[in-house]
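These notes are about the structure you will find just below.
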Amino acid sequence: MGFSDDVVQEFTRIILGVQCFAICLELPQDYFNRTWKSVTVLLGLVMAFGWAVCAIFIAFIFKTDTATALIFSACLTPTDPVLAASVLSNSQFSTRVPKWIRDLLSAESGCNDGVSFPFLNIGVSILARSTIRGVLRKWFLITIIYQCLFGTLLGLSLGYISNRLYRFSHERGMMGRASYLAFYFLLAIFSVGVASTLGVDDFLVAFCAGLGFSHGGNSPTAETRLPVIIDLMLNSGIDTITPLRLLAVLALILLFRRLPVVFALFKFGTLSHVRTTSEALFVGHFGPIGVGALFLAMESRAQLETNIPLPLPHPPDDLPIEKQRSVVMVWPIICFVVLGSTLVHGLSTMVISVGGHFSRRKGERAPLIGAERDGLVGMMFDSDEEDGIERDEEEEQEFRGWLHGRT
């Protein structure tokens, strides 16, 4: 017997909130001051394009009404920070992708879970049969002004105040190293809890809390990689419709949700931090759908079932027919797309590595399949990154020589 829906919602809320917080601690100092244009394009044009494209495919394949299609597509719009971190953060494959591309995708995945709420609320308000004027008034005043703008200020304030308290305690020897992980983890959960209590955007508050906390140097313990430890802990804890239709919508969403618009924006020079065609294709392809979609599916069900952000333990059977259809269909469709995205984006790193291995001449291949450490073909690297890759290779060769000498 599985968990009830309200438990699933709160479990995914904690996972996403902590992950959104942790991403900010991994980004370079003043990152958004330098890259706000590229991040804004990904959060605006790319997300809106993906939202519209997914809605069209869902409405066409599953024959849903427009509002239901908009709700489903809003769940699939954000890229998932948990899955993104598992590929982009400190893996052998991640060193083969330029750092500015990894940082850009990490920043996007941390922001867009919070930004997805305005997209979701449009479909929910339409399905609730509000007037156009009522939909726009509620969307602007409640969603944009209160949940998003106030949530942003709240998160930055929480993060900044916590940063001051942290540094005050650390400089006076009032905190031991065993307390560092608990401080990060509990601050993230506290941010989510405050946001949920006030009814603002949970993930935007958590992300901005991480941003405010990391401003001006978050801690003297950056070398301990505590955010990565949190990622591993959370990743370890988390998993009427025909299969043909599900496969069709999965394929269309993965192909057209991001890739065309990212490539077009690259060609027009809008994405200044994407420099080559290979980088544009990678950024367009890499948009995993995961825990965020599951949470938004529960959130949409809650709004349709009870008009508050808390779903019933199990779907009711006495709703109006359009709401009933949405409530029944949203969970299996979103879960299947999440499963497919996890497999495709998780295995794509292996496919790229193995394909790159066999595309080389025999004398240029690594001893093990896919074990190459140099940058991917067609991507540009800074000299510091290239030196880092060379140092890693030299250290690995020295370690192998040391092992060989002991045997």
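Backbone N, Cα and C atoms are what each Cβ position is placed from, and that goes for glycine too.
Looking at 14-32, 280-298, the stretch flagged in TrEMBL as transmembrane segment turns out to be 280-298.
For the transmembrane segment (280-298), the list of distant contacts is 5, 8-9, 12-13, 15-16, 19, 50, 74-76, 78-84, 87, 97, 101, 104-105, 109, 113, 116, 120, 203, 238, 257-263, 266-267, 271, 274, 311, 330-331, 334-335, 337-338, 341-342, 345-346, 348, 376, 379: same-chain residues at least six beyond its ends, Cβ to Cβ under 8 Å.
Within the chain, the transmembrane segment (39-62) has long-range Cβ neighbours (under 8 A, six or more residues past its boundaries) at 32, 68-70, 72-74, 76-78, 104, 107-108, 111-112, 115-116, 119, 241, 245, 248-249, 252-253, 256-258, 260-262, 265, 270-271, 287, 329, 333.
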